[in-house]
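Student: Structure provided below as structure tokens; questions to follow.
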Amino acid sequence: MSVLQVLHFPDERLRIVAKPVKEVNANIQRIVDDMFETMYAEEGIGLAATQVDIHQRIIVIDVSEDRDERLVLIDPELLEKSGETGIEEGCLSIPEQRALVPRAEKVKIRALDRDGNSFELEADGLLAICIQHEMDHLVGKLFIDYLSPMKRQRIRQKLEKLYRQSARD
């Protein structure tokens, strides 16, 4: 397994719409394993393949405190959503920035697991929010797209400053 490079906003590759996975095979399983390693190394709770410049519909999630409840979503499909909620979300592709994003409180999805088996999942709370956030990545959408133009611009300016400081270090 290896840690992959996470793309950072405003990299345009984050806007590429991911393609469906044709077949779950050893290559896809290796990508899943590398994505988990990357997500844990970056201290995230979710990662979409788009964020590591792999434009296939693959998501890995682990919202557990002990980091031992891996969830793999290949070709996820939203079946139902209900209620309204929102928390301050962050994103590995938008470092050190957080914003309140409106989300559905509960979701029901269908996806394939790491072995290519189809399953359905009903989720609420943080898991439901994380699923929605990562599914947005698969269609080229970022959490900042839910914000006003002024807030997006402010985040862009903060990131440019952060990147300049990182380049000097």
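A Cβ is built for glycine as well, from the same backbone N, Cα and C atoms used for every other residue.
Checked Swiss-Prot, it gives:
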ACT_SITE  GLU134  active site
BINDING   CYS91, HIS133, HIS137  Fe cation binding site
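How about a rundown of where these features are and what they're close to?
Tutor: In sequence order, GLY46, LEU47, ALA48, ILE59, ILE61, LEU73 are the residues of the chain that are 6 or more apart from GLU134 (active site) and have a CB within less than 8 Å of its CB.
Within the same chain, residues at least six positions away from HIS137 (Fe cation binding site) with a Cβ under 8 Å of its Cβ are LEU14, ALA18, ALA48, THR50, GLN51, ILE59, SER93.
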Student: Of all the binding-site residues here, CYS91, HIS133, which one's CB has the most other CB atoms within 10 A?
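Tutor: Within the set of binding-site residues, the most crowded position is CYS91.
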Student: Could you check what DSSP calls GLU134 (active site) once collapsed to helix, strand or coil?
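Tutor: For GLU134 (active site) - judged by DSSP and reduced to three states - the answer is helix.
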Student: An 8 Å radius from the center of the CYS91, HIS133, HIS137 Cβ atoms defines the neighbourhood of the Fe cation site; name the other residues of that chain inside it, in order.
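Tutor: Those within range, site residues removed, are GLY46, ALA48, GLN51, GLU89, LEU92, SER93, GLU134, ASP136, LEU142, PHE143.
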